[in-house]
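Peer 1: So TrEMBL has the following annotated:
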ACT_SITE  E84  active site, proton donor
ACT_SITE  E115  active site
DOMAIN    56-219  domain 'SIS'
Amino acid sequence: MELSRTLTTEGVDERFSHLDEMTVGQLARVMNDADRGVPEAVERALPQIIPAIEAIAERFAAGGRIIYVGAGTSGRLGVLDASECPPTFNTSPDQVLGLIAGGDVALRSAMEGAEDDADQGAADVAAVGVGERDAVVGIASSGRTPYVIGALRHARSVGALSVALSCNADAETSAVAEHGIEVVVGPEVVAGSTRLRSGTAQKLVLNMISTITMVRAGKVMGNRMVDLRATNEKLRIRAVRMVAELAEVDENVATGALEASDWRVKEAILTLRDDQIR
């Protein structure tokens, strides 16, 4: 119990001590105001974030994978970020993975006890064949989740890159990882509810990790998602406009190039540019 009081994420901020007496409007403003500090906390952590992403991007470019590991909200955020990479950047489903304590059932139902099993964290990482080319990102608001610590320790033991993302200073997870990212957001509006500011901070950092890694891997041209494969009507419309603009052709020509490339945007752009050079 003493340890819990040392964690800022478990602290009580007196500014929020009368939530039950506030109107909806007051509550909305209080939460909005509290959230303003999250990007500032991320900015303070940039000296930790940047070298971690550089190392992750290097592993990924060499054929490695990104493997997010977490429990509860932290685990769900990792799975969310991993699941967005195939439609956004046309990665294969096994290039960016999300592992959550308790397995897939924990995505929809709380499995609180699962986070206390360090051996299971190590076993889950081992089960996906983590090796020296991979990057394992352990996500834990508290910075002391046994499941995540077990996963990070196993990652280091097999030569994989290990990165710890937490929302407390001097986190235990940072101590067992090569790179520690500590985004200290302070006490939550609802004390101890780390799905709030801590979760928002983690999402911002995960956005950086996946997006910057994919940019460095050549999956973005300018700021366009050129490596996407258009698999539905919305994406096809976006793809036609993108190819037309970047290859400087009309939309009919862009559509033809996309159809010929099975709606692979980058392939269509490069083909049209090659034709223009010839």
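In case you wondered, yes, glycine gets a Cβ from its N, Cα and C as well.
TrEMBL labels come from automatic prediction, so no person has curated them.
Just so it is clear, the model here is predicted, and its values are computed rather than measured.
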Peer 1: If one measures from the C-alpha of E115 (active site) to the C-alpha of the residue listed as 'active site, proton donor', what distance in angstrom results, rounded to a whole number?
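Peer 2: E115 (active site) and the residue listed as 'active site, proton donor' have their Cα atoms 24 Å apart.
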Peer 1: Does DSSP give the residue listed as 'active site, proton donor' helix, strand or coil?
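Peer 2: The residue listed as 'active site, proton donor' sits in a helix per DSSP.
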Peer 1: I want to check the contact list for E84 (active site, proton donor): same chain, sequence separation of six or more, C-beta distance under 8 angstroms. What comes out?
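Peer 2: In sequence order, S210 meet the Cβ cut-off.
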Peer 1: Summarise the model confidence on the domain 'SIS' (56-219) as a single mean pLDDT, whole number.
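Peer 2: When the pLDDT values over the domain 'SIS' (56-219) are averaged, the result is 96.
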